[in-house]
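Listed features, source Swiss-Prot:
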- HIS8, HIS10, GLU74, ASP193: Zn(2+) 1 binding site (BINDING)
- HIS16, HIS41, HIS195: Zn(2+) 2 binding site (BINDING)
- GLU74, HIS102, HIS132: Zn(2+) 3 binding site (BINDING)
Amino acid sequence: MQFPVDTHSHTVASTHAYSTIHDYLAVAKEKGIRLFATTDHGPAMKDAPHFWHFVNLRVLPRIWNGVGILRGIEANIMNEKGEIDYFGEYLSELDLVQAGFHEPVFAPADRLTHTRAMIATMESGLVDIITHPGNPAYPIDVEAVVGAAKACNVALEINNSSFTASRKGSEENCLAIARMATKLDAQLVMGSDAHVAFDLGGFDRSLAIVDAADYPRQRLLNESPMALLHFLQQRGHQHLDELIRYFRPVL
């Protein structure tokens, strides 16, 4: 099954990734992906794009050859206060703000520190999705984090790359998060975390976790473009009208 939405991809602007926006559009069209987000790493990462890269995402078309593009970022959680490395009025210009722990920016500490930082990030109201929360390098209090995600209407990502290319050993933590999300009816999303266009929409390992946790597939934000757009609209994003008009079902 090919889900039509992917919330997590990196372009050559993050120099450890290998594809352009044009590459992603071509693969999306080929695979039947209708909406994807370009979410390069926040500027605190050493090989991340400059702050201006995210400001200038406004030059991207909303829709190209039938594929919708969301202008986003995978920001870095900077500290225990939940601060991220993209801020101010420019945040409101983005369609999707994700954030997660990355070793070069936030050194692994202890379970309490990670939990506090992740919850503070969600409570800030600035972040829509927490990326790869099951990273074994950053153990968390799963019930506390998922409970906060539910309370803050923030989605937790089941990151497919965590089972293939990076963050080895994530399965147990991700399954625990997904099971708690099922129990608490918290919002999950699958992200390919593609660093090359061929991986866009690749969710096979993430979906296995979702299914093992008995989380309803129809609850995933990947289920349809409107599912994600409605979530982002609820979260206060105000520049989605063109995409909503395009993807809204005709009655």
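Placed from the backbone N, Cα and C atoms, the Cβ positions cover glycine too.
Each of SER9, THR39, ASP40, HIS41, GLN98, THR131, SER161, GLY191, SER192, ALA194, HIS195 belongs to the same chain as HIS8, HIS10, GLU74, ASP193, is absent from that list, and has a C-beta within 8 angstroms of the C-beta centroid marking the Zn(2+) 1 site. Ranked by Cα separation from GLU74 (Zn(2+) 1 binding site), the binding-site residues HIS16, HIS41, HIS102, HIS132 are led by HIS41. For the binding-site residues HIS16, HIS102, HIS195, a Cα-Cα cutoff of 10 angstroms around HIS8 (Zn(2+) 1 binding site) retains HIS195. The two recorded residues HIS10 (Zn(2+) 1 binding site) and HIS41 (Zn(2+) 2 binding site) have their Cα atoms spaced 7 Å from each other. In space, ASP193 is the closest of the binding-site residues HIS41, ASP193, HIS195 to HIS132 (Zn(2+) 3 binding site), judged by Cα positions. Cα spacing between ASP193 (Zn(2+) 1 binding site) and HIS41 (Zn(2+) 2 binding site): 11 Å, rounded to the nearest whole number.
In the three-state DSSP scheme, HIS10 (Zn(2+) 1 binding site) falls into the coil class. Neighbour list (HIS195 (Zn(2+) 2 binding site), Cβ cut-off 8 Å, at least 6 residues apart, same chain): HIS10, SER14, HIS16, ALA17, TYR18, SER19, SER161, ALA165. Cα of HIS102 (Zn(2+) 3 binding site) to Cα of HIS41 (Zn(2+) 2 binding site): a distance of 10 Å.
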